[in-house]
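Structure record follows, encoded as structure tokens.
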Amino acid sequence: MMRPILIGITGGTGSGKSTVANEIYESFKDDCIAIIEQDSYYKDQSHLTFEDRIKTNYDHPNAFDTELLVEHLKELSKGNTINKPIYDFKEHTRKKEVVEVKAKDIIIVEGIMILQDVELRNLLDIKIYVDTDDDVRIIRRILRDIKERGRTIDSVVDQYLGVVKPMHSQFIEPTKKYADIIIPEGGQNKVAIDIMVSKIKQILSENK
């Protein structure tokens, strides 16, 4: 098996990273592509009380177990299988279960801090930044956290203004300079996604 192509997709919360990742995923056969969500690599907090766990700043680099993510990407690059963690956002810690992920020709890594860490960044063959208007992102964040993570609208808005927005300015927005490609409006930008898919297919063809 050839070394996998590692594609990093980053951008602010609600920017459309997952949509871009899924659009690329759907353009290939299931047996040749896999998606690794950085959200799965939030640190295990089972040693903390629930009251302490809910205080976690999920928008800070220290919230992630980047060392484990880097280790897993290196293993996938060698053709090995990994056990990806599962994070429970209602309990604010990892589940005991894991998901087995096998090495594929294409590995997409998607998350807000993908380009923030130097070692992680250097593993990536293609680095994508999804750039979306702040108003659109907060609306998406509110809808997602209420529907998928059991949050109230007040708690989401308070978190966005007090934590998410300043963390975006400090840690995420500056990583745009490391991107090979910037995709405005995320999954709505079909032209940019089609260009990306064509480029990936070209690299795959050259590597065979």
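Numbers run from 1 along the shown chain.
Placed from the backbone N, Cα and C atoms, the Cβ positions cover glycine too.
Database features (Swiss-Prot):
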BINDING   GLY11, GLY12, THR13, GLY14, SER15, GLY16, LYS17, SER18  ATP binding site
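Feature annotations (Swiss-Prot) mapped to structure.
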residue: GLY11; record: ATP binding site; Cβ neighbours (10 Å): 29
residue: GLY12; record: ATP binding site; Cβ neighbours (10 Å): 28
residue: THR13; record: ATP binding site; Cβ neighbours (10 Å): 21
residue: GLY14; record: ATP binding site; Cβ neighbours (10 Å): 25
residue: SER15; record: ATP binding site; Cβ neighbours (10 Å): 29
residue: GLY16; record: ATP binding site; Cβ neighbours (10 Å): 25
residue: LYS17; record: ATP binding site; Cβ neighbours (10 Å): 28
residue: SER18; record: ATP binding site; Cβ neighbours (10 Å): 20
Check: same-chain CB within 8 A of ATP site center, minus GLY11, GLY12, THR13, GLY14, SER15, GLY16, LYS17, SER18: ILE112, VAL130, THR132, ARG137, ARG140, GLY186
